[in-house]
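Copied from Swiss-Prot, the annotated features are:
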SIGNAL    1-17  signal peptide
TOPO_DOM  18-529  topological domain 'Extracellular'
CARBOHYD  Asn27  N-linked glycosylation site
CARBOHYD  Asn28  N-linked glycosylation site
CARBOHYD  Asn40  N-linked glycosylation site
DISULFID  Cys59-Cys292  disulfide bond
DISULFID  Cys72-Cys84  disulfide bond
CARBOHYD  Asn104  N-linked glycosylation site
DISULFID  Cys107-Cys153  disulfide bond
DISULFID  Cys296-Cys320  disulfide bond
CARBOHYD  Asn304  N-linked glycosylation site
DISULFID  Cys488-Cys492  disulfide bond
CARBOHYD  Asn498  N-linked glycosylation site
TRANSMEM  530-550  transmembrane segment
TOPO_DOM  551-566  topological domain 'Cytoplasmic'
LIPID     Cys555  S-palmitoyl cysteine
LIPID     Cys562  S-palmitoyl cysteine
LIPID     Cys565  S-palmitoyl cysteine
Amino acid sequence: MKAILLVLLCTFAATNADTLCIGYHANNSTDTVDTVLEKNVTVTHSVNLLEDRHNGKLCKLGGIAPLHLGKCNIAGWILGNPECELLFTVSSWSYIVETSNSDNGTCYPGDFINYEELREQLSSVSSFERFEIFPKTSSWPNHETNKGVTASCPYAGANSFYRNLIWLVKKGSSYPKLSESYVNNKGKEVLVLWGIHHPPTSTDQQSLYQNADAYVFVGSSKYNRKFKPEIAARPKVRGQAGRMNYYWTLIEPGDTITFEATGNLVVPRYAFAMNRGSGSGIIISDAPVHDCNTKCQTPKGAINTSLPFQNIHPVTIGECPKYVKSTKLRMATGLRNIPSIQSRGLFGAIAGFIEGGWTGMIDGWYGYHHQNGQGSGYAADQKSTQNAIDGITNKVNSVIEKMNMQFTAVGKEFNNLEKRIENLNKKVDDGFLDVWTYNAELLVLLENERTLDFHDSNVKNLYEKVRSQLRNNAKEIGNGCFEFYHKCDDTCMESVKNGTYDYPKYSEESKLNREEIDGVKLESTRVYQILAIYSTVASSLVLLVSLGAISFWMCSNGSLQCRICI
């Protein structure tokens, strides 16, 4: 009975002791992040750095609508293909859109010289002034300006020609030498286009230009070239055995361009005074145009985001995140969100000495749970939580600011003869893209590792702060908890939490209780030893009596014979 009372006393004393535990916040978050050492670590809070959503629409950029070329391409639009007539009045745009079936380009067959370079030039133009550089009615009185039409460029069922060019042919039976100049007084670059016609036969050459040995000269301060028609039989394209090559140049302000010819010249009628804009570009997209606004446009759709990375499309126009190949870039801001003990990190992980987080503590990341005679409850440590929030917020903002270099990234133009250069360029671009992706992923992995270790150390520091105050006035019972050797009411608990715990005040009470508990433990140990000896002896006696009784019974009924020899 004495032993039982001692055991009950010990249990009662342990059960009624006041306790204080250090712990951390937990919630129902399913966010996962990757670190250098682990993948898919569940955390309480995180921020996404990778945009993977778009609206599937072509939108205005900065409030300015794009120029959608429809079934026309750049060549058809800038030369004035009759099928592109609806585009001729457009003078400004945010970016230019071609579609995958933009087939209306050069209606009269031939080569557009340096077409890819022209596209590059136009990709940085946001508006232009289309003006009549050589008026049709007054510039060419000695040449025919209305008969230069062709069935390959029809309009409304009749033969027609490019709206921005004039195909000059002989007037009557003569094609006198022409010489016309234009001085650029627009104060900006002027784009001028012209063409050279190459007939299939000498008969066609004479019927169109009269002069068998014709030439064309075009010159400015930066461009000088003499052309001779190449008369030769060729396979018909769009019903034409002849060919027409198209040329262009940029005239600087104050510069002069001169056209001199005795035949075969397709002269410019309209030219373009260009205004460049850094946010413009050319994209190929089949997405529909909508009345929406965005800061970043891709061929797949518009992106409205402040995130530093996107994996939607490498071609972008406007203020856009950097494209990476990653499928996930999530940065941890909160703590591990797991209920079981797992060791990890510089400090052995939060769960190295605390089993799991507290969903009941909702007003901070780190804090306390106490239990005493006045009740129990959770309380966050606001100072350490706020310091952690400030530090992590500054870090996240710094990462986003450093990586959020928004810019336009458009494709480069190469013609069919430059495939090797194009392939090399793609390899270089892919290499840069791989480096960007690797750097972004490594940065996130390292920062996630540091953040989780940072939280681990904060919980550890909070635990050490309490332990250093309590010293031997309480004992560590594991799982981040302390059991007081003295009564600790709510005021006492609060003093531990805010760092003002009065150790000497409770030392004497703690010493007495500690000695009493140690004495109870010692007496309990002695009683248990006596009980163990008693039970061993009693068990042996019962076993011997049982064996004797069985032997006597077996001898009495003859089942067992006993012989005693002397």
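Cβ atoms are placed via backbone N, Cα and C, with glycine included.
Among the disulfide-bonded residues Cys59, Cys72, Cys84, the residue whose Cα lies closest in space to that of Cys296 (disulfide bond) is Cys59. Secondary structure at Cys84 (disulfide bond), as computed by DSSP, is helix. Straight-line distance linking the Cα atoms of Asn304 (N-linked glycosylation site) and Cys320 (disulfide bond), rounded to a whole number, equals 9 Å. As a whole-number mean, the pLDDT of the topological domain 'Extracellular' (18-529) in this prediction is 87. Per Cα geometry, Asn27 is the residue among the recorded positions Asn27, Cys59, Cys107, Cys153, Cys292 nearest to Cys492 (disulfide bond). If you compare Cα positions, Asn28 (N-linked glycosylation site) sits closest to Cys320 out of the disulfide-bonded residues Cys72, Cys84, Cys320. Taking the Cα of Asn40 (N-linked glycosylation site) as the reference point, the closest of the recorded positions Asn27, Cys72, Cys84, Cys320 is Asn27. Of the listed glycosylation sites Asn28, Asn104, Asn304, Asn498, the Cβ environment within 10 Å is emptiest of other Cβ atoms at Asn28. Using Cα positions, the member of the recorded positions Cys72, Asn104, Cys107, Cys488, Asn498 nearest to Cys292 (disulfide bond) is identified as Cys72. In sequence order, Leu69, Gly70, Cys72, Gly76, Trp77, Asn104 constitute the residues six or more apart from Cys84 (disulfide bond) in its chain with CB-CB distances below 8 Å.
Under a cutoff of 8 A between CB atoms, and with a sequence separation of 6+ in the same chain, the neighbours of Asn27 (N-linked glycosylation site) are Thr44, Asn337, Gly357, Thr359, Ile362. Ranking the disulfide-bonded residues Cys59, Cys72, Cys153, Cys296, Cys492 by other CB atoms within 10 A of the CB puts Cys492 at the bottom. Cβ packing within 10 Å was compared across the disulfide-bonded residues Cys107, Cys292, Cys320, Cys488, and the lowest neighbour count falls to Cys292. Taking the Cβ of Asn40 (N-linked glycosylation site) as centre and 10 Å as the limit, one finds 9 other Cβ atoms among all the protein chains shown.
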